[in-house]
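Asks: Found this in Swiss-Prot, in case it helps:
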- 46: active site, proton acceptor (ACT_SITE)
- 83: active site, proton donor (ACT_SITE)
């Protein structure tokens with residue numbers, strides 16, 4: 001499975017690299033879990049609705065969510081910081 005980041009999600013990921021190594025480890029763990037099974041596993045995966053229909057979310061912690069989509073067996077990470085404001 002190919003893993004790609006949007007420009008915004010890459011900036012989020014880099015922010016965690018510089019500011020919160022513990023949550024960075026959690027994000028990496030979630031990415032590995034998504035690669036194994038995109039719709040089941042840790043982080044309470046849930047399909048998003050309304051304008052985010054087609055995207056999925058997993059909990060990083062109570063403040064942050066990993067938002068992603070799967071296309072042709074490839075993972076595209078939309079955001080990994082905060083909830084769904086963007």
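Quick reminder: no glycine exception, Cβ is built from N, Cα and C everywhere.
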Asks: I'd like the number of other C-beta atoms within 10 A of the C-beta of the residue listed as 'active site, proton donor', please.
Replies: 12
Asks: Which residues in the same chain, at least 6 apart in sequence, have a Cβ under 8 Å from the Cβ of residue 46 (active site, proton acceptor)?
Replies: 56, 57, 58
